[in-house]
Amino acid sequence: MCFNSLFFLFFFMLINFFFLVYFIMNGLSVFFEWENVTFNSMSIVMSILLDWMSLLFMMFVSLISSVVIFYSKSYMNSELNLNRFIILVLMFVFSMVLLIISPNLISILLGWDGLGLISYCLVIYYQNLKSYNAGMLTALSNRIGDVMILMVICWVMNYGSWNYIFYFDFMKNDYVMFIISFMIIIAAMTKSAQIPFSSWLPAAMAAPTPVSALVHSSTLVTAGVYLLIRFNYLLIDMFFFKVLLFLSILTMFMSGISANYEFDLKKIIALSTLSQLGLMMSILSLGFPDIAFFHLLTHSMFKALLFMCAGVIIHMMNDIQDIRYMGGLSLYIPLTSLCLNISNLSLCGIPFLSGFYSKDLILEMVSFNSFNLMVFILFYLSTGLTVFYTFRLIMYVMINDFNLMMIYNLYDEDYIMLNSMFVLLFMSLLSGSFLSWFIFSYPYMIYLPFNLKLMVIYVSILGSILGFMVSNMSIYSLNKLLMSYNLSSFLCLMWFMPNLSTYGLSYIYLNFSQILFKNIDMGWSEIYSGKGIFNILKNYSVFYNVYQMNNFKIYLFSFILYFMILFIFFFI
Amino acid sequence: MSFAPELRSHSQKVCNFYKRAMRTLEAYHVARYVIRYHQVILRNELDKNKAVCDPKEHRRLLRVAENELFMSQHPIPVAKFARSVGIAGGVAYDRVQVIPDWVMDYWHPLEKAHYPEYFKRRECRKCEYIKKWNDGEIR
């Protein structure tokens, strides 16, 4: 099953690539419409839009999913139900492709809902309590976005059809479009885990690592960004985009800080994904959808690679994900640590790797255009924090001493996992330059002062120095400095937002519902129906049972009663 | 037992506290020699009160120590064995659920009809098992 799906998806990727090259060379864009039913003025059509953006995204999604399926053949080797897993992953890819190619809100809803539900099934794949809770959190957060899309469908019915791409030019200042844009932004925020919906992404790391590599780094979380890129032409002058800018910058900053206090390997990578999603959303809300798309694609490559390396390490450490027990792994797993290093450095934006092209372009555009000072500061601060937690991770995992046990045998000779990682390594080295030639037909002209141009380098150097200092293992080390309990628990538990959005929202209502349940469901409504009626009937039948006990007194009494009645009728 | 502290002796409570304090130190520090350094200091603090005889003083010291441990606990406790439960437990606890055998008795007859040989053999095995149990061969 693994090999079949691998070959199918790889072949699909190649087809997309050829069509992409052809479409971009000739400036083509194809819109298929299949008319299902037409009756008088009502028609139900299914439409597919194939332009360079959808073909490019489909190519990347199919490449990553084929590599991840091949990887999971070895990673999930001990699973009894591997076929079930592969089928779930294939269904997920199908939903994502449906979302990508649809210019029609109904088929977007099908893809969007499919993504949410299948990601729930994938998160609860390991059936322990933690996965169940994480899956519930994922599903319910995504469900809010689904409800928003449903309401958008209702509102778009005002225009007569669900093909939203036709209405951007004509209905831009309409009140209905105002409401639609608000709901679309909320839906995208739930899917891409912006504040206040950001609690599900670190929790969803309870899923198996191939799921995290495919779903939580490259496809599911980028669906929200992709939706906003498609709707960008409509949303660009709206006030809500400024609110989105504010929230996405805060998300970027918050997740950057939380990743520095976190010790679970997959949670650190999840928080770095959250930070990059905040970056994508913020540059999108500043009015540059093509740069956001560029960063989406390069990020998906190196983040999937990073998750796969983390999977190899977790396998090797006997399922332990805590970086406090890892160290010195570069000596034992050189090839995996090569992939880990390159993806980490690409994440930091080190020159001429793939992340550099997109991240540097984003930061230069922020500097070049005159935005708010807070926007500027938070962008560069978050970039510095990215480098900080990346170097901290490299120090903990690769450079410091091994900390788990006295005797160990660490190796990464699993060729299936290594081969799948090398494909993504190749792409994460080259996709930056390759995409910058593809997507941008002319380069952005950016003029910056010398120090502002080098600001990224300054911030990266500062972040790397701090990352090095914090992970030094001395007796009185720097990481005790900011470890006062209140501050550290505030910062590492994501500013308590997961607690606020789970316990905070549900506690009052659950308490109230307990009172209602005990008093009404199990109280008064049992007395006036259910058990109460049963008791009445039972008591009556017990009472009347006396008359069936062959009691002689009853016969005598009925004899006397009969004579009294006779006497009354005939003599009175 | 956490549900009936009155049933545990003072030394049991102190040992439990000591273990939790050691785990907290392991959570804060990473290198082995750093952990050992802080553990030796902690042990010295406990050894200073080794010779106290008054039970009231015992209870007061334990209360103060538990309070200090609570105020300095790590937000992300460390777990060495991923598949264990409890303090040593971690992310991989209870991942694989074993479905009990009696679930197959509740299958619909139409579902059972897909595997007739297996269910026939299963009924024989069940009868054999009951016979062996009654004879006392298995407990």
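Cβ atoms here come from the backbone N, Cα and C positions, even for glycine.
According to TrEMBL, the protein carries these features:
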DOMAIN    A:102-382  domain 'NADH:quinone oxidoreductase/Mrp antiporter transmembrane'
DOMAIN    A:389-570  domain 'NADH dehydrogenase subunit 5 C-terminal'
TRANSMEM  A:7-32  transmembrane segment
TRANSMEM  A:44-70  transmembrane segment
TRANSMEM  A:147-167  transmembrane segment
TRANSMEM  A:173-190  transmembrane segment
TRANSMEM  A:211-233  transmembrane segment
TRANSMEM  A:239-261  transmembrane segment
TRANSMEM  A:300-317  transmembrane segment
TRANSMEM  A:329-353  transmembrane segment
TRANSMEM  A:415-440  transmembrane segment
TRANSMEM  A:455-478  transmembrane segment
TRANSMEM  A:490-510  transmembrane segment
TRANSMEM  A:552-571  transmembrane segment
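With a cut-off of 8 Å between Cβ atoms, the residues of this chain six or more beyond the transmembrane segment (A:211-233) that come close are 53, 57, 60-61, 64-65, 68, 71, 89, 92-93, 96, 99-100, 108, 111-112, 115, 119, 122-123, 125, 145, 164-165, 168, 181, 184-185, 187-193, 201, 204-205, 266, 269-270, 273, 277, 280-281, 284, 289, 292-293, 296, 299-301, 303-304, 306-308, 311. Residues 47, 49, 103-106, 108-109, 112, 176-177, 179-180, 183-184, 186-187, 190, 230-231, 234 of the same chain, all 6+ positions outside the transmembrane segment (A:147-167), place their C-beta atoms under 8 angstroms from a C-beta of that stretch. The predicted model assigns the domain 'NADH dehydrogenase subunit 5 C-terminal' (A:389-570) a mean pLDDT of 87. Sequence-distant contacts of the transmembrane segment (A:239-261) (same chain, six or more residues past either end, CB-CB distance under 8 Å): 181-182, 185, 189, 193-196, 198, 267-268, 271-272, 274-279, 281-282, 284-286, 374-375, 378-379, 381-382, 385-386, 388-389, 392, 470, 488, 491-495, 497.
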